[in-house]
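Each remark here refers to the structure printed beneath this line.
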Amino acid sequence: MAIERTLSIIKPDAVAKNVIGQIYSRFEAAGLKVIAARMVHLSEQQAGQFYAVHKERPFFKDLVSFMTSGPVMIQALEGENAIARNRELMGATDPKKADKGTIRADFADSIDANAVHGSDAAETAAVEIAFFFAGMNVHSR
Ligand code: UDP
């Protein structure tokens, strides 16, 4: 199986709930290693740019407003099949539809305040990791 990297964000709702450690424990239990991390209070410009693919969607304005409502914890994760594995840990976008025991089922309140972001493909993972960690140390281990 391929060793991959993915970009994960613990969103403002989950940071406010003080569950960063509980979410990190799930990454670790699934064999995903944190290889870079930073806490950021995103600007509107950063959030808008990060979610540019959704800019024509009706929820875009609310999404940017939510993502800038408080600090987020951003990490690059590395491990076997890291992209799909992290998506499995996260659960469906809508926490009501997320499988039992997933991060969103356990910590998210709604489809917009849904606790975590995870890259959905290798190309987006590379772009998203560069978006937040370009020029910084990323510690493959
Ligand atoms: N989102 C929303 N309303 C929707 C669909 C999506 O607020 O009806 C937000 C939600 O925070 C989601 C993000 O937009 O996580 C990106 O949507 P995507 O479909 O890429 O879901 P994800 O990959 O995060 O599961």
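Cβ atoms here come from the backbone N, Cα and C positions, even for glycine.
Those TrEMBL annotations? Automatic predictions, nothing curated.
For HIS117, the entry in TrEMBL reads active site, pros-phosphohistidine intermediate. Cβ neighbours within 10 Å of HIS117 (active site, pros-phosphohistidine intermediate), excluding its own Cβ and spanning all shown chains: 19.
All protein chains included, THR93 (ATP binding site) registers 12 other Cβ atoms within 10 Å of its own Cβ. The ATP binding site feature in TrEMBL is assigned to LYS11, PHE59, ARG87, THR93, ARG104, ASN114.
Under the heading domain 'Nucleoside diphosphate kinase-like', TrEMBL lists 3-140.
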Legend entry - Among LYS11, PHE59, ARG87, THR93, ARG104, ASN114, the record's ATP binders - longest CA distance, Å: 21
Inset, instruction - For ASN114 (ATP binding site), just count the other CB atoms lying within 10 A of its CB, please. - result: 23
Inset, instruction - Report the mean pLDDT of the predicted model across the domain 'Nucleoside diphosphate kinase-like' (3-140), rounded to a whole number. - result: 98
Inset, instruction - Whole-number Å only: compute the distance from the Cα of ARG104 (ATP binding site) to the Cα of HIS117 (active site, pros-phosphohistidine intermediate). - result: 10
